[in-house]
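Asks: Quick one: this structure, given as structure tokens, is what I'll be asking you about.
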Amino acid sequence: MSRGTVIHWFRKGLRLHDNPALLEAIRECEKQPEVIKELRPIFILDPLILDHMRVGPNRWRFLQQSLSNLDDRLKALGSALLVIRGKPEEVFPKLFKTWNVKCITFENDIEPYAKKRDEQIEAMAKDAGIKVIQKVSHTLYSPAKILNANMGKVPLTYQKFVSVAEGLGPPPAAVDEPKKVPPGYSQILESRELKIPKEEDIFGNTNVPTLEELGLDESKLEPCLYPGGEAEALQRMQICLAKKAWICDFEKPNTSPNSLIPSTTVLSPYLKFGCLSPRLFFHELNKIIQGRKHSKPPVSLVGQMYWREFYYVVGFATPNYDRMVGNSICCQIPWGNNQEHLKAWTEGRTGYPFIDAIMTQLRKEGWIHHLARHAVACFLTRGDLWISWEEGQKVFEELLLDADWALNAGNWMWLSASAFFHQYFRVYSPVVFGKKTDKFGDYIKKYLPILKKYPVEYIYEPWNAPLSVQKAAGCIIGTDYPRPIVKHEVVSKENIAKMNAAYKANKANKGEAGRIYNIITKYAFIIMWL
């Protein structure tokens, strides 16, 4: 019988460093050379994602760049990345047969779609007598281990999570990247075609997809500020780590949401796609702060990594985590459904320059500061527009480079005061908040150039400018730039009353939601968005 193949299946974890599942695939090849002849790294381009999931152009470009960089790095080791087009449940039975697969390895994923998919593929593999190896490396800890250490209960406050996690000891160290990949890819490197009988040549093109294949017109894309890929991730991490004093002094609430260049690391997209190992970054940070005076969780950079873990654990263990109905930790709130207001918020046409500038930056660049996310999320939900956090979650899922399922849902619940954070009466002002760190409105002028000639005293509230000032600035409010779609000072008070009523209704409910909503967290601290 001909020797077989080991598959390493890349999904997230688009890197070679700290990739224990990839190392396991290599070990399987090396320990059974008489049985296994080659390792084939693959990525499956699922048409479900292409056709139905909310993925904007910036995120598609980031993925394409990440896959291209991964392919280059594999080639340097004598291998290559095979990108297979198709549904995983249809692709794998064909791969198993055609390649005589003996083992498949991949990184563990906690998202509901991924869990269902992986269970299906694992069952298929075991039915075919194929060994399956899953490894945890997208998080610092295994979410299942955190739950077990907490007596099977979900830690619903950050402080409780940190206590449980630290009780387990430090996260595992990052493992080294492989120095070589088992041979057997010469045919792929030469021609990028699978050398199998034509009647079984069912895979077609296995190259990294082009932007055009992903439905993108490169000429219409905004400049790429954050290129995807492991090489970029490691370089950005090293630039960050070189700023030792900055790392030690870092406190998330004291960074600026409207600086003209990012005031934080912007490593979150690289963590989301797995171009950067969270374990590597975590341990490198700890090396720097060791023996030095430094900030502490939850506001430190290490604290931000713990926030990421916290949401992953809660998301892993909570059914319907990304929606309100059927979600045991989420307050049931009778949100409104004003589609015109939702559209105006999404497109940056609310009439509030600070909010509109943030949403414009999001659409253009794919990243905004976490406090900017606070402002626009509060505005959409409990602050001004009284629209469900699920709608905001969908927009962020499409437009953010770092749209991470667990963090996105968790943060939207937090900011809408639906879970985790309950001080619903603390509302961000769409006027005052931005002035604290940018009194001259330079950020607004950058992203809303229509307002750049407005005097400083009117840049945050252009509707208050006399008509003569508006004409001199070349921007008439109500014609060239919209009037505010709501009056913040009025609707914010009305919405606080609505939140109070919703809380009382949930408290009256003696079920799990009512019980949880009596938990008031000790700290109203900053959420995890690097």
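From the backbone N, Cα and C atoms, a Cβ is placed for every residue, glycine too.
The feature domain 'Photolyase/cryptochrome alpha/beta' is assigned by TrEMBL to 4-140. What TrEMBL records for 264-268, 304-311, 402-404 is FAD binding site. The annotation site 'Electron transfer via tryptophanyl radical' is assigned in TrEMBL to Trp335, Trp389, Trp412.
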Asks: Here are the recorded positions: Trp307, Tyr311, Trp335, Trp389, Trp412. Which has the lowest count of other Cβ atoms within 10 Å?
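Replies: Among the recorded positions Trp307, Tyr311, Trp335, Trp389, Trp412, the sparsest Cβ neighbourhood within 10 Å belongs to Trp335.
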Asks: Are there residues of the same chain, six or more positions away from Ala403 (FAD binding site), whose CB falls under 8 angstroms from its CB, and which are they?
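Replies: Those within reach of Ala403 (FAD binding site), by Cβ under 8 Å and sequence separation of 6 or more, are Arg59, Lys272, Phe396, Glu397.
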Asks: Mind checking how the domain 'Photolyase/cryptochrome alpha/beta' (4-140) divides into helix, strand and coil residues in DSSP?
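Replies: Taking the domain 'Photolyase/cryptochrome alpha/beta' (4-140) as a whole: 64 helix, 33 strand, 40 coil.
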Asks: Which whole-number value in Å describes the distance between the Cα atoms of Trp389 (site 'Electron transfer via tryptophanyl radical') and Trp412 (site 'Electron transfer via tryptophanyl radical')?
Replies: 6
Asks: Check the binding-site residues Val266, Met305 for other C-beta atoms within 10 angstroms of each C-beta and report the one with the most.
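Replies: Result for the most crowded candidate: Met305.
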Asks: Highest Cβ count within 10 Å among the binding-site residues Thr264, Ser268: which residue is it?
Replies: Ser268
Asks: Restricting to the domain 'Photolyase/cryptochrome alpha/beta' (4-140), report the mean pLDDT as a whole number.
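Replies: Reported value for the domain 'Photolyase/cryptochrome alpha/beta' (4-140) is a mean pLDDT of 94.
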Asks: Applying a 10 Å Cβ distance cut-off over all chains shown, what neighbour count does Glu309 (FAD binding site) have?
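Replies: So the Cβ neighbour count for Glu309 (FAD binding site) comes to 23.
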